[in-house]
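Residues or ranges marked as signal peptide in TrEMBL: 1-25. TrEMBL lists 36-123, 134-224, 237-326, 331-415, 421-508, 512-599 with the feature domain 'Ig-like'. The domain 'Fibronectin type-III' annotation in TrEMBL covers 606-701, 703-800, 805-898, 902-998, 1039-1131. If you look up TrEMBL, you'll see 688-698, 1264-1278 marked as compositional bias 'Polar residues'. Residues annotated as region 'Disordered' in TrEMBL: 688-711, 1173-1278. Per TrEMBL, the feature transmembrane segment maps to 1144-1165. According to TrEMBL, the feature compositional bias 'Basic and acidic residues' maps to 1174-1194, 1252-1262.
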Amino acid sequence: MDRNRKWVPGLGAALLILLCHVTSALEVPLDLPQPPTITLQSPKDYIFDPRENIVIHCEAKGKPTPSFSWTRNGTHFDVEKDSNVLTKPGSGTLVIDISGEKAEAYEGTYQCTAHNEHGTAVSNNIVIRQSRSPLWSKERNEAITVQMGVSLVLQCRPPAGLPPPVIFWMDNNFQRLPLDKRVSQALNGDLYFSNVLPEDTRSDYICYARFPHTQTIQQKQPISVIVLNNSPEGERPPGFMMPLGPASAKMVLRGETLELECIAEGLPTPDISWQKDGGELPSSRMSFHNFKKTLMISDVNEADAGDYRCSATNNLGNAHHMIKVTVKAAPFWVSAPRNLILAPNETGILTCRVNGEPKPKITWFVNGIHAPEDHSRKVEDDTVILSNVQTGSSAVYQCNASNEFGYLMANAFVSVLAEAPRVLTPPNQVYQVIANHPALLHCASFGSPIPTITWFKDSQTSIRNGDPYVIHENGTLEIHVAQPLNSGKYTCIATNNLGIRENHVFLEVKEPTRILKQPEYKVVQRGMSAMFECKVKHDPSLIPTMTWLKDSGELPDDERFVVDTDSLTIKDVTDEDEGTYTCIMNTTLDRDSASAMLTVVEKPDPPTDLELTDQTERSVQLTWIPGDDHNSPTERFLIQYEDLLHQPGVWVNLSEVAGTSTTARLSLSPYIYYSFRVLALNRVGYSRPSQPSRQYRTNPAAPDENPSDVKGVGTEPGNLVISWTPLTGFKSNGPGLEYKVLWRQKDTDGEWSSRSVANVSQCVVSGTPTFQPYEIKVQAFNDYGSGPEPEVMIGYSGEDLPLSAPESLQVMVHNSTLAEVHWEPVSIPSVRGKLQGYKVLLDYGFFHAQVLTFSGNRSEGRLPGLQPYSLYNLFIRVVNSKGEGPQSSSKTFETPEGVPGPPSFLNVTTSSLDSLTLQWGPPMNNNGRLAGYTLKYQPVNNTNELGPVKVMMFLANETTTTLGNLNSSMLYKFYLSAKTIKGSGPIVTEEAFTVIDTGGSRVHILTVKAFNLTLGPTEPPHPTSPITQSPHPPFHKAPPVGPAFGSVNRTVSEDGAVISWEYFGHHKNVYVEYIVENSKEDWKRELVNGSHSHTIKGLKPGTSYRVRVVARDPSDPAVHSTDEVLVTVPAVPSRQVDIATQGWFIGLMCAIALLILVLLIVCFIKRNKGGKYPVKEKEDAHQDPEIQPMKEDDGTFGEYSDTEDHKPLKGSRTPSNGTVRRDESDDSLVDYGEGGDGQFNEDGSFIGQYSGKKEKDTHEGNESSEAPSPVNAMNSFV
């Protein structure tokens, strides 16, 4: 409903307090009284097919239900008196049966009237006409004879039909005649020839007319055209065949399509162009047809009026025609009248705004008759003003606007009602929108006076116009850009002076659907698989539907296409699978889509049609046709040949050309029976070979080249072996291939010796002097001549062992590991071969020898890597390719002292609270006279920080020492090196703990890391001063030492399982991990950084758990872990259960009470008899060892002890195996050994077997065979 209210001018001051209503798309509930409203009517111009019934629609609504009547040609049409006319029940629609009547009898102008007690509505005037398809008038067409080049028009002149027919030209075979810019069909159906050609001669130019309504086709008599060529028309400039003259005019109605046509003649055929004088052609509504001879402009408006110029142009000139276009307009709506709902005494306005050219005339009717003015109604041209309306003045007003081109008529009712508000929108409706989209919350209402709409959010916040809300005139609340915070409950309230109504709706703002990972372009080889991913994010409350399309259609019905949750897989891809694949994610509110192409590639098809051209003795031209590249461009072609004479069946690569080439010039060799083939290569691979070309033979010739790799090498003294690589059959160039071998001694200018050989690759020459240079060459020849002059190569005859040894040996010693030797070289002739160098042999001690080789002709060499403080014996031999010469005389020299090697071992043998005993072994290599040892040591605290260093010196014969005044429970690091007069050698390191002080119990425990050796005199990572030890020495960071964990203890308390451990590592993260025994679940983990104990809570009673402590560090890939310990949680009754309500407890109490009663009776009888029942004495004499109080600290039963001396002190946790624990639950590695006796081997590595601590058997202890007394039993419950 339109809620705008405006002041009505010219009605006086009394009307200023009245409101008028402008209603948009007013809908009155059908349960309320209302005048008729026509809802369906036939078009104004109704052309019917005489083979079918005439159906004239007229339907209306109203309250009460309207009745219908009809007029035909302005007079009442009595439907009931015509048996051929039926009225559809519940409407005014007429169905006229014309099967037995002449259809013309029912042609005319019809108008429908709908009436009830509140008014009358009328329809448009509906003109009923019969469709017609008349026959062509009989005519006889004479043959048309024209000269070539002239213009020609073949007229169609179809019969006038209703509606007009569609025209087209065909031949006798019902084939459309070809049209082009020379031959074209005009809008009126005529066929125009700008100039005729001989091929236009034919006898079957037939014009056809198709009538759309009857679907019939009529044809004109064939026209015969004969084109003569005896006096052809010459070239000429253009001229217009239609329209004629320089200018013409065209009128078109607004909203219709403007069709402008220019057809020109001329030779050559002219080209047509269009332009508008003083303006541009409307490109969005403009189109060219009939080879630009027709210009069409759709939906014409006033701006399209003006002068349009069409131009015809050829190479001899041009012609122009001006068409003046005027635009008229049948009446069209600016604002049609709309229904009014008025309350009594209100004022309203009906407006009928129309336009047209010429200006339309407006006439008002009331209930179908002219509207006279009275005191409550005033008519002012296009406006009717209603004032002070009263109940019972409801009516239907008709506005008729007409000019010479047509008319418009509209009904609008005025209903006078007094009605309280009602909300028409269903209650509790839920609106769902996507975030960042507009949201429309409807509040359709009705009432008279028209209700005022107000909105509230969450029943509290009043909503006013303005960002982000807009309240429309019909009550709809619009949120421009909905956000999640806009979700909630909205209430609209409709109010007028007769009441108030409210309605609740709900808004849910959803997350948009978005494709996060779009499918990507794929290039896949045929037969492989292609997968497109399409990962989507959507609102979880919306149900998504994924759809895949191929080329905008459905996927093929093929099991090779597998659609998964977020992917599409195409198996065994074929060429038909190529295309664009689109994934569409739909929800009930929105959608998103993404596409990607699939390109299927394959190896190329083989080339075809190989052809040999331009043949010469040494070349030929090969051409081919490439095969299909299967979407992967050909990169190159490989040309191969087969030599059917020498290597049949073997294909050899000959040449490669670019993938864009289809020809290649091939160089050939003589005496080859060639056959060629071509392979294509793309990114996928090589194609299959093409079919071989025809055979091509080349003629024999002398060799073009000589053998390669010619060498001369003597294998024995007195010979020369000349070898070469033979020519292949391909290079022989002809039959009878042999080799001519030539040689002579170098620098002698003697004659060449020669020998001819065949089918071999070497020639042996005997009787040569030892190791002399020879000039050698090998030449190929065949039955057709010799090859080119061969290249001369140098070779040497065979070698023999050297004859002499080096002399004058001298040795210079530089230091304890390096010396230098000099000798006098042997003469070159005595080498008797190619000098390879000199070999030096060094002997020292038993079974010690060293060989050094010096290449080339030299007289000295350096001797590195010598053993210090050693006596060497030296020999030298000369070496050639044959072997070694005789040994020289020996030379003896001695190396000086050096620094010693590292001590052979360093062990810590015993330890106490404040002392450690060290033992070591002498170096394996003293490298001189051993002078003594240097020992350095320093403490290491729990955070791996190093303390100050102390230094001690020892004599060479000392190999053990005891260090005192050490800190207890402290780790020490030791560095030991040996020394000679040359200095100290490499150090060895060791680490050890002093004994842990636990305040009364002591165990000598030693924790030692593996033996470390540092090559070189590396100092400890700390300053060496001060020497004295302070109570709290400063520490420096050091690498972690010792194992990360010591022993692990566990107890079960009321709160859970208490796990304690010793930890010496540096790792940042320490965890306690546990798992149910024999379970395959993952370990549960609890972080315990900086602690040495932890309570695991929430364990299930009666269940056993495996527990371990683990240390991890992100920077250290190693993971340190303790051994697993087994923790069993006792199956105790829940403390939350009220024991007094348990049946077993009540029964037990009753039994005890009965037992006490019996005992009392027995005691009473005994006393009466004078006897004494010594209950107390028996209790003292036979104390039951099983009955013991519970320990206060851990809730477990204490162990039985015969004497007080063996009872453990309260709070003591000393294990039964004697293991000493460090303070704060620090354990030692001994706890992991059997019985606590960890041991170390000689190199300090730990050899104790790792195992968990042994728990004391719960059945140990003395058991009394005597049953407990009843009193003791009672005491145990107290």
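Note that Cβ sites are derived from N, Cα and C of the backbone, with glycine treated the same way.
Regional average pLDDT for the domain 'Fibronectin type-III' (805-898) in the model is 90. Secondary structure by DSSP for the domain 'Fibronectin type-III' (805-898): 4 helix, 51 strand, 39 coil. Residue counts for the domain 'Fibronectin type-III' (606-701) by DSSP state, with H, G and I taken as helix and E and B as strand, are 0 helix, 50 strand, 46 coil. Of the recorded ranges 237-326, 331-415, 902-998, the domain 'Ig-like' (421-508) has the largest number of C-beta contacts under 8 angstroms with 331-415.
Here the domain 'Ig-like' (421-508) has, by DSSP, the following mix of helix, strand and coil residues: 3 helix, 51 strand, 34 coil.
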